[in-house]
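Engineer: This is the structure, below, for whatever I ask next.
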Amino acid sequence: MGLEAQRLPGAEEAPVRVALRVRPLLPKELLHGHQSCLQVEPGLGRVTLGRDRHFGFHVVLAEDAGQEAVYQACVQPLLEAFFEGFNATVFAYGQTGSGKTYTMGEASVASLLEDEQGIVPRAMAEAFKLIDENDLLDCLVHVSYLEVYKEEFRDLLEVGTASRDIQLREDERGNVVLCGVKEVDVEGLDEVLSLLEMGNAARHTGATHLNHLSSRSHTVFTVTLEQRGRAPSRLPRPAPGQLLVSKFHFVDLAGSERVLKTGSTGERLKESIQINSSLLALGNVISALGDPQRRGSHIPYRDSKITRILKDSLGGNAKTVMIACVSPSSSDFDETLNTLNYASRAQNIRNRATVNWRPEAERPPEETASGARGPPRHRSETRIIHRGRRAPGPATASAAAAMRLGAECARYRACTDAAYSLLRELQAEPGLPGAAARKVRDWLCAVEGERSALSSASGPDSGIESASVEDQAAQGAGGRKEDEGAQQLLTLQNQVARLEEENRDFLAALEDAMEQYKLQSDRLREQQEEMVELRLRLELVRPGWGGPRLLNGLPPGSFVPRPHTAPLGGAHAHVLGMVPPACLPGDEVGSEQRGEQVTNGREAGAELLTEVNRLGSGSSAASEEEEEEEEPPRRTLHLRRNRISNCSQRAGARPGSLPERKGPELCLEELDAAIPGSRAVGGSKARVQARQVPPATASEWRLAQAQQKIRELAINIRMKEELIGELVRTGKAAQALNRQHSQRIRELEQEAEQVRAELSEGQRQLRELEGKELQDAGERSRLQEFRRRVAAAQSQVQVLKEKKQATERLVSLSAQSEKRLQELERNVQLMRQQQGQLQRRLREETEQKRRLEAEMSKRQHRVKELELKHEQQQKILKIKTEEIAAFQRKRRSGSNGSVVSLEQQQKIEEQKKWLDQEMEKVLQQRRALEELGEELHKREAILAKKEALMQEKTGLESKRLRSSQALNEDIVRVSSRLEHLEKELSEKSGQLRQGSAQSQQQIRGEIDSLRQEKDSLLKQRLEIDGKLRQGSLLSPEEERTLFQLDEAIEALDAAIEYKNEAITCRQRVLRASASLLSQCEMNLMAKLSYLSSSETRALLCKYFDKVVTLREEQHQQQIAFSELEMQLEEQQRLVYWLEVALERQRLEMDRQLTLQQKEHEQNMQLLLQQSRDHLGEGLADSRRQYEARIQALEKELGRYMWINQELKQKLGGVNAVGHSRGGEKRSLCSEGRQAPGNEDELHLAPELLWLSPLTEGAPRTREETRDLVHAPLPLTWKRSSLCGEEQGSPEELRQREAAEPLVGRVLPVGEAGLPWNFGPLSKPRRELRRASPGMIDVRKNPL
C-alpha cells in the first residue's frame, strides 16, 4: 500500500470472485443437538438456506473441504496473477466464530501439520518456491502487518508506532498509500511466519460467549513483490528501466456480533460497536458496487478505515477473492442469511486490474543498498509445505517445462562446479586409494572434456570455467560468429536433451515413490477410519454414552485457537495433560464428522471393545517403551500431551469393568435405546463420531516436530557461525589497532614525561621569579606568561592521561572479543549436539512408524473377524429391539383400552408406596452392608498400624535387652579386674615391707598407679549399677519413642475393641434385617402375584416413568460435565499453543539477539577502522609538527648565520679603525689594555642585539634555551677577526680572551629573563633566506 503503481491504459476487467465455505458444527452445538440449516451442492456451486432460499457462488466448499482445497480453489490463481504484476486481495467475511481466521491461516502459523496450514503460509511457501525455481528473476519481497482496532491503526510489526503516525492517503493517481507502516524485507518462509507470529501475539483478541478467542480487530497482511531483470517467458518482460511491482493483501475481518448472543459488556461492548459499524460501512460499499442501478453513484469508501484500505480491492486496481465463511447451525440462521446476501451482491462488483510498472529510478536508496548486498540464502531452508502442484494448462505447459529445465540446468552446473573443485582438492591428498584416485581422475577428465567442448559457450548458463566477456567478444569477432553460434546451439540442445532425459527418469521415480506413499497413506487412513467407526459403535452401545466418551468423540480439531493476546513477560504456563493439535484427527475449524446413531446392547459390544482396546493398549505400550528412553521430564510432558498413557489406562480398565453375561438378557439399561427423548435435551438427532488418536498420527506429529526443530536449529547455527566470523574479523582488527595503540601509548608516555619535566622546571623558575623582587613591568609580564604556560602544561598532562585511559579501554576490546568468541563457540557446539540428538530421535521415530504400519496391517485381519462377530450380535440386538417395541405397543394399547377407577388408582398408589418402602428397606440394607464393609476396612487398617507399632516396639525392647546383657558383662569384667588389682596390691605391700629403700620408692609408685586404676574401676562399676537400677538402657530419644509406642498401642487396642463392638452390633442388626428382608421378599412376591394385569401394567408404567426421569437428570448432568470437559480441553489447548508461541519467541529472540550482536560487531569494526584512521591522522599530524619545527629551527639557524656575518663585518670595521690610528704597535696594544671596556662594548653590542629578540619570540623548550644560552661561541666567531691579518697576533688574541669573560658574565644575566620555551621567530622575508651548505662552508672557512 505504500507503493505507487502506474496504471496502464489496457486494463483488464476482473470480477470479484466469491467463495463460500461452510464450517462443520462445533462440539458444543452437537452436544446441544443443533440442526444444520444449509444444504450444500459443491459441484453445482449452489447452497440452500432453509427450504426455499437458494444462492449461487463461484466456489462452494462443503464442511469436509480441507485447507488445501480452499487454497487451490481461491488463492492459487491469485498467486499466478501476483507474479504477473497484478495486485491481488483475498479477504474473509462472516460472523464471529465462522472460521475466518482459521481459513486465512493466521491461527495455525505454529502448526506442524500440512493439513492445518491456512492460506497465508501456503501462499508464501508457494511464492518462495517459485522464486527459488526461477533463478533468472531478481526479486525483492517485503511484508507489512497492519491492524485496525477501534478505527485506529496499529502496526503489528512495530508496536511502538503511535496511531497518529500512520496515515492513509491517496496520491495523484488515486492509489491508496499508507504512510508510517513498517515494511520488512524477507528472504524465506521462516521469516514470514516469525513476523506473523509476532504480529498475532500483539493482535487484539478476547473471549465472548460464542468464541473463546474472538478477533477484536481487522488485520491486513500485505506482501509486496518487486521484480527486475530478465523474466521467464510466461511472465511479462520488464522494459529497460522499469520495475514490476505487485501487492498481495490478506485481509482478516472481525466477525459481526449480536450483543445479546455474545454477552459483551464494558470494553468488549465498545469493541463490538466499532466492529459492527465498520462492517456496516463495508456492507454499504459492497451494496453500492454490486447494485447495477447504482453504478456511477457515490461509493462511501470514507465511512470507515477498512473500506478505505480496500478501495483498490473493491472496484479498483486488483484481482479480488472474497471468502464468505458461514455457520450451518440453525441458531445462526439470521447471521448466515445476512452473510449470504452480502456475498451474493459482491459477485456483481467489477474491478479494473492492470499490470503495475514503476520506473527504476523511483526505487529508494535503502532498497538499492539492500538489493546490492550478497546473494541471499536459499529459501529451501524454510518450512515450505510440500504438496501437489496443479497441472499447467496447454498454453503454458511448454513454457513452464522450458523454465524448469533451465533452472535444473543451472542447478546441475552449479553442483558440477562444486564437485569439480572438491575433487580437485581430494586428488591432491596423498592418502587417496588407487581405485578411488582412478575414478576421480576419470571424472575430472570427463568434466574437462565437456568444458573444452563448451569453452565457447560462456554466460550465466555455461559450464565450468567459462570464458570471460572479453574472450566472448574475441571469439565472436569475424566471420566465424555464425558457425560458432550454430555449434553452441547444437551443443546446448544435446545437453538439454540429455538433462531432459535424466529429469524424466527422476520424475518417473519420484512419481512412483509418491504413488506408493499415497497408497500406503490411503490404506493406513482407511484402517484408522474403520477402527474409529468400531470405537464409535462400541461407545454408543454403553448406556452412559455421554460425558467423557462424548467428549472424546468430538474432534479436538474444533478447539484449535488463535494465539491469544498475552503479556510479553507473562509467567510460565502450567503443563497440563492434553492432546497436541498437530496429532488430532480434526480436519478444519471444528471439523467433526457425524456418525450414525446406532442402538446396541451392552453384551453385543463387550468382546469387541475388549479386543480393540487391547490392540490400542499394545500400540500405546510400544510408544511408551520408546519414550522411556528419553529424559523423564521430556517423556512425562510428551506422554501428557499425546495422552498415550491415558488411552492405555482406559484400555486396561474397561474390559475388567464389564460383567460377563451368558445370554441376551433384557435389562433396564438396554431400554434406553427405545426410550424416546432420553438421548438429548434439545433434540434426538445429535450425531457424534467418536475418534481416538491413532499411534501413527502421533508418530507423524513427532516426526514433523523433530524435523521443524532440526530446521530451526540449523538456521540458528548458521547465524551463530556468521556471528563468529564477525567476531574473528573484529578480533583481527582489534589486534591491529592494539599494536598501533601500544606504540601510541609509548609515545604518549614519553611525551608526558617530557611535559612533566618541563612543567617541573617551569615551576622551579616560577618560584625563583616569585622569590625575587620584581623591578619592572617586563618581569611581571614574564611571570604571568610563566603562570599561563604552567597551567597550559598541566591541562596538557590531564589530556594525555585521558587519552591513555581511552587507549587502554580500546586495548581491552580484544580480550572481550575473545571471551565472546569462546562463548559463541560453546553455544554452537551445544546446538550441534542438540541437532544430533534430534536426528537420532528422528531416525527412531521413523523406525517406530514403520513398525506401527506393519502392526496395523496385522491388526486389520483381527478387525475383520470382529466385524463378522459384530454383525451377528447386531442381528440379536435387532430382535430384542423389536420385542421391546412390541411390548411398548402392547402396553400403550392396554393402558388406552382399560378404564381405571378411583379406588383402583388409590390402591395402586398404596401399592406404590409399599413398594417404595420395600425399596427403601433394601437400600438401607445395602447402605448398612457398605458401612459394615467400611468398618471392616478401618479395622484392618488399625490392625496393620498396630502391627507396625508392635514391630517397632519389639525392636526397641530387643535393643534394651542387648544393652542389659552388655552391661552385665561389663560388671563381671570390672569385678574380675578389681579382684586382680586387690591381689596385686597385697603383693606389692609385702614387697614394700621387705624391699630396700631404693626398691621401696619404685614399689610405692606402682602401688599408687594400681590404686588409681582401682578407683576408676570402682567408679565405672557404680555407674553401671546405677544404670541397671534405673533401667536407663536406651538413649532418651529411644526411651521417649518406646513410651509413645506404648501409648499408641494402648489407644489402638481401645479403638480395635470399639470397632469390634460396632461390627458385632452391625452384624447382629444385618442378620435380623436379612431375615426380615427374606420375609418381605416372600410377601412382595406373594402380593405381586395377587395383582391383576392392569394393576401390574399401571405399577410398571409408574416405575418406568420414574426411571425415565432419573435418566433425564443423569443426562443433564452428563451434558454439564461434558461442557466442563470441553472448556478444560480448550484451556489445555490454549496452554499448548502458548507454550509453542513461547518456544517460537525464544528462538526468535535468540535470532534477533544474534543479528544485533552481528550488527554490533560490524559497528565495532567500523569504529576500529575509524580509530585506526584517526590514529594514523594523529601520527601524520605529529610528523607534520616535527617537520614544521625542523623548518623553524633551520630558519633560525639561517638567521643566526646572518647575524654572525653582520658581527664579522662590524668586527672587521673595528679592526680597520684600530690600524689607521697609528703605526706604533705597542701604543696600540697599551691603549687596548687600558681601555678594554670600550672594545668589549663594541664587541658585545651586536651580540646583545641578536640575543634580545630571543626573549620576544615564541616559547621553546627549556633544554633548547639552556643550550642556546650556555653554548660556547663558534670557532668561526673567534677566527673572524683574523680574516684580514695574521692569525698569530697575540694582542688580538688577548683582546678576544678579555672579551669572552664579559660575554660569559652578560649571558647569565639574560638567562633569567629568557623564556623556557621558544617558538618560531617573526623575521622579515629577506631574513628567511636559507643559506646553502656551500655558503656555510665558505663562511666557516673563508680562506
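Cβ coordinates come from backbone N, Cα and C, glycine included.
As listed in Swiss-Prot for this protein:
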type	residues	note
DOMAIN	15-349	domain 'Kinesin motor'
BINDING	G94, Q95, T96, G97, S98, G99, K100, T101	ATP binding site
REGION	356-382	region 'Disordered'
REGION	358-479	region 'Interaction with DLG5'
REGION	358-1206	region 'Interaction with SMO'
REGION	451-483	region 'Disordered'
COILED	480-542	coiled coil
REGION	513-775	region 'Sufficient for interaction with NPHP1'
REGION	611-639	region 'Disordered'
COILED	698-1057	coiled coil
MOD_RES	S898	phosphoserine
COILED	1109-1211	coiled coil
REGION	1219-1238	region 'Disordered'
REGION	1310-1343	region 'Disordered'
Engineer: As a test of reading the model: what is the averaged pLDDT for the coiled coil (480-542)?
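Structural biologist: Within the coiled coil (480-542), the model's average pLDDT equals 66.
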Engineer: What's the number of neighbouring CB atoms sitting within 10 A of the CB on Q95 (ATP binding site)?
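Structural biologist: Around Q95 (ATP binding site), other Cβ atoms within 10 Å: 23.
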Engineer: Name the residue among the binding-site residues G94, G97, G99 whose Cβ has the smallest number of other Cβ atoms within 10 Å.
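Structural biologist: Each of the binding-site residues G94, G97, G99 was scored; lowest Cβ tally within 10 Å is G99.
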Engineer: List the same-chain residues at least 6 positions away in sequence whose Cβ sits under 8 Å from the Cβ of K100 (ATP binding site), in sequence order, or say none.
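Structural biologist: Those within reach of K100 (ATP binding site), by Cβ under 8 Å and sequence separation of 6 or more, are A92, Y93, G94, S215, D252, L253, G255, I323, C325.
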Engineer: Across all chains shown, how many C-beta atoms besides its own are within 10 angstroms of the C-beta of T101 (ATP binding site)?
Structural biologist: 29
Engineer: Minimum Cβ neighbour count within 10 Å among the binding-site residues T96, S98: which residue?
Structural biologist: T96
Engineer: Would you identify the secondary structure of Q95 (ATP binding site) according to DSSP, in three states?
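Structural biologist: The residue in question, Q95 (ATP binding site), is strand (DSSP, three-state).
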